[in-house]
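The region 'Disordered' annotation in TrEMBL covers A:14-71. The domain 'Ubiquinone biosynthesis protein COQ9 HTH' annotation in TrEMBL covers A:69-99. Annotation source TrEMBL lists domain 'COQ9 C-terminal' at A:186-256.
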Amino acid sequence: VRCQHYPPVRALQASAALRRATDEHKEPLTSSSQQHFGSPPADHQPEQERHGPSYTGQGGQESEDYESEEQLQHRILTAALEFVPEHGWTAEAIAEGAKTLGLSVAAAGMFHSDGSELVLHFVSECNTKLSKLLEKEQKLVQLGEAEKKPIDEFLRDAVEARLRMLIPYIEKWPQALSVLLLPRNIPSSLSLLTSMIDDIWHYAGDQSTDFSWYTRRAVLSGIYNTTELVMMQDSSPGFEDTWRFLGNRVADAMAMSNTASQVQSTGEAVVQGLMGAAVTVSNAETCRAVR
Amino acid sequence: VRLWRCRCRALLSRPAGAVRARRGLAAGPEMHFGFQSVTEEERREKIYQVFENVAKKYDVMNDSMTLGIHRVWKDILMHKMNPCPGTLLLDVAGGTGDIAFRFINYVRSVRQRQLQRKLKHHQDLSWQEIFESYQKDKFNSLGDSQVVVCDINREMLKVGKQKAQHLGYSEGLSWVLGNAEELPFDDDKFDVYTIAFGIRNVTRIDLALQEAYRVLKPGGRFLCLEFSHVSNPLLSRLYDLYSFQVIPVLGEVIAGDWRSYQYLVESIRQFPPQEELKAMIEDAGFFKVDYENLNFGIVAIHSGFKL
């Protein structure tokens, strides 16, 4: 039996009451929805304990309420993802998501009518999942239970894992890409992309501090974006064409870096040869002059 | 001369009493009716009479006073609401039904698009299944959306019903006589609550906001479209000039009743500004309260959620 504690301060009373009611009914169901999205439904117990004295500042709520508003928005967006294959990345999907949480469909008015927040939320959730996956793999390597992969295999597996998260929504993903490219969303989508690439390189063991840090990120972003686009119009079974394309691009990148260092050492050799020739010629001149 | 006397009285009656009265709280028996000072009961009476008098010419006067721009304001309100089929709307002080009709139009077109999309996906169904789904949807052109128009004034409701009949709106529409300070509805019933150009005439705004909170479902939205304060000084001067010199004259010429339109203009000046109304809405328990100025603050849309 849950202790029904009604905090005396202003809290998200309506939705909190709903959650108390539905949590009691939905215990067996939450585990199945969790495995899809990886983020557990916001636990309302710590929310209640967090309430201190409340005051309404100029034009805002106190920090605890603001946090729980965001959590509620997260929950709505997570619930809305289920309806994306049917309704697309739109306010309608968000409205359906709100309905499953027991809220009115008007709650979708909290978000933009073009579904931007839904797409950004999904991308950020995928990035978090990827981070956790890479961290787990790293732990296994550290414990000695798995072998450390060579760099090209690591990159290929990481990008493939991340792109596989798109498969349930692949039909509506072009719409999501167009939403991410809206001028209003470009700062957020760009920062999500760069932080994901950073994560992958970090777990790949990259500790460079010179210019190669930038080139590595640029190269991997290029690989990721082009593979994503190929995946959009890939109709082969299990997306095998996409994974083959990815493997080729990663191999190209590795070869390019080898070529680069080869070119550099060849260049050095050529310069040394020229220097040697110059010295020989000048010596020969002096000898001839002396003789 | 009469106009000047009213404005002088306004300038003299600024002290605390008038400020509290401005917030719509019952600060003793003294309240404002335009620039006059009246008791709460008198105020309700007077406002009822004002709208009884203007009911028949209400729409015409709206068009002439705002040069038709009020239609754009109401359209913007509907776009902001962006209702999906299945929404239950309560339009308070909705008198002649402008918001209600727009809601029905909007929901109908959204529903059309939904049905078209569904049909496109049903490429691989048998003819029997397509026929059945078509039957089901044909009698549901509004997708179960409904709007309840509530107004305290019988005359305004009468005009609204006549308009609905004339324009051919019958489905999903109901008309209820009720007071915004004490709504005749159960708790947690509606998805959206709107009050367009009505909250200014409510005597106890805080009670109306509390009632709004009560009848909304969790997650429901409160939307208020109302005249508000212009901060730009040049524009404010022009606006005052237009309001006090032109509008009462239009009222006399078109509706034969300049006193009511004098009240209207004065009540706009007495209404709390954007930030104050936002604070009052937050006090009633709404979250994510925000406002959007239209036309530099001549009109503002306040929005809040019951979370």
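Cβ coordinates come from backbone N, Cα and C, glycine included.
Across the residues of the domain 'Ubiquinone biosynthesis protein COQ9 HTH' (A:69-99), the predicted structure has a mean pLDDT of 92. Look at the domain 'COQ9 C-terminal' (A:186-256): DSSP puts its residues at 59 helix, 0 strand, 12 coil.
Counting residue by residue with DSSP, the domain 'Ubiquinone biosynthesis protein COQ9 HTH' (A:69-99) contains 28 helix, 0 strand, 3 coil.
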